[in-house]
Every structure is written in C-alpha cells, then in structure tokens.
Amino acid sequence: VVKEKNRMGECPVWEERENALVYVDINSQKVCRWNPVTNEVQSVSVDARVGSVALRQCGGYVVALGTRFAFLDWDTQAVTTILELEQDKPNNRFNDGKVDPKGRFFAGTMAEETAPGVRARRQGALYTLFPDHSVIKQLDQLDISNGLDWSLDHRTFFHIDSLSYAVHAFSYDVHTGKIACPKLLYHLEKEEQMPDGMCIDAEGKLWVACIDGGRVIRIDPETGKRIQTVRLPTPRITSCCFGGKDYSEMYVTSASDGLDEATLAKEPHAGEIFKITGLGVKGIPQNLYAA
C-alpha cells in the first residue's frame, strides 16, 4: 500500500484520530505518516536514527531516537528532548518501543553494527518512560531489544531480544509497570529466521515479523505454538500492527537496507509497506502515552 521505499521501515502505529498509519524509517532518520484515503506520505526528518514512535494522549508523538526520549510536534516539526540515556555508549541507539496499558512508554536499545554483521554483544537495555518523565531500566545486557506487547488481561509482558531468536513472556504489574520472571515462549524455526517487531490481536495471539524470513507468524501464548504463517513478497519484514476503521487490517513494514544490489534487483518490493486483509481476526487500539 505504501510504494515509497523505506531503508528500514519500522514500528507501524495506527492513529485513529488521523485515520493514518504512522511509522519510522530508522536509517533515513524520518517519522512518516501515510493517509490511506489520499495515499499521501508525509514525513518529518529528525537528527538521529529513530527507533520507534508512539501516540501521545494530548496529540503529537513520543519518539525514541538516538539514545534519547523526545516529543515530536507534527505540525511544527519540533522535537523536544525529554531525557538522554546511555551517553557512555556512543555506538548504541534506541530500537522498538510501545506504550503500555497505563500510558507508559517502553523502548529498548541496541548496539549498531561496526561492520556488516559485527556488533558488540549485550549492550542493549529496556527502559520505561513514565508520564512524569522519570525512567527506569527494566532489562539489561540485551543484544537487540525489539518487538513488545502486553496480554489482554494486562498480566503478561511479551518481549523479543532478536539475537535470542525467541519471544519471552514476563509477569507484568500493571500498577507499577514492573516486569519480572522471564520465561521462553517460542523459539523461531530456522526458516523463520530472526524475530523483529510484534503485535497482539483481539484473541490474545501474537504476530511476529520475521526479518529475512519474509513472513509474519502467529503464535499462541497459551501453548507456545505457531498457529499461522503469512508470507510476504519481500524478505526483510520488520514489524506489524493492526489498523483500519475496525482494526481488521494488518499493516506490515519492511526494509531495503541489508540487501546487496543483486538481491535488490530481484526484490522490487523491498522497503514497501503491505496491508494484509482477510485474516479473520482484529487488533486492538494502540495505547497512548499519558503525558
């Protein structure tokens, strides 16, 4: 549905109030918004790689870019820093993020590659930005903090550290926002490659984007089993969310970075955004950051 190529399209978020899909292109340092009625893509350029974007209750967006949390005012394009983190790790940046059921913004970090396929290990962490702008560190020594969501009963937090090739489930205290007691939920099969972004549907099942696997997979957290696979027409599938007027459509982002010229020539859809219909299941609205 979005033909404009992203270098690293990520973190799609359906914004009901704008009837639009918001997402980031990490490597192009842009926050983008696509209007499905006019098919127009607008974007705001920022001064660092932007790993994630989420909706604010009062309008505009909260973003995790470089190693800082910030607010983005779409109309003025102003970016206001809330807090700088990890200033002792110049090679780190924020990656995926999402707002929890109480309006707190969870986002994690990762080390950038210093050469193709080479990165310092266990440099990442997962943080929670509270509505009063205070921050706590929830997890440490992560490789690539990635997809995240919460169970429908708000008792479980799901998280992906990509280089573990797995989805983990944590107990989650909705009152404090704290997570604890990780356990392995699903380990990806070889052909599924590496897990990236993730979202939950209205039946409480998880959808995981498989980067280099060219697919999204549906996992049942009750059984830890994969129950569905949807293949997409390009390999570097990065994230997914539900949207549309009744949340019955799934939007899926992809990347063109990481493919060599020969592969790109054979992958005309790399970096585009796709819409999957007819899944027979709906999503739930995004949570809004409560400040």
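All residue numbers here begin at 1 and follow the chain in the order shown.
Just so it is clear, glycine is given a Cβ too, placed from its N, Cα and C backbone atoms.
Predicted automatically and left uncurated, TrEMBL annotations should be read as such.
Annotated domain 'SMP-30/Gluconolactonase/LRE-like region' per TrEMBL: 8-256, in sequence order.
Taken from TrEMBL, the feature divalent metal cation binding site covers Glu10, Asn146, Asp196. With a cut-off of 8 Å between CB atoms and residues at least 6 apart in sequence, the same chain places Tyr23, Val24, Asp25, Ile26, Gly51, Ser52, Asp96, Gly197, Thr238, Ser239, Thr253, Ala255 near Glu10 (divalent metal cation binding site), listed in sequence order.
What TrEMBL records for Arg93, Asn95, Glu113 is substrate binding site. Asn95 (substrate binding site) has a Cβ environment of 26 other Cβ atoms inside 10 Å.
Within 10 Å of the C-beta of Asp196 (divalent metal cation binding site) we count 28 further C-beta atoms, all protein chains included. As annotated by TrEMBL, active site, proton donor/acceptor applies to Asp196.
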From Arg93, Asn95, Glu113: binding-site residues whose CA lies within 10 A of Asn146 (divalent metal cation binding site): Asn95
Any further residue of that chain within 8 Å (Cβ to the Cβ centroid of Glu10, Asn146, Asp196) of the recorded divalent metal cation site: Cys11, Asn95, Asp96, Ile144, Gly147, Ile160, Ser162, Gly197, Ala209, Ile211, Thr238, Ser239
Alpha-carbon distance [Asp196 (divalent metal cation binding site); Asn95 (substrate binding site)] in Å: 10
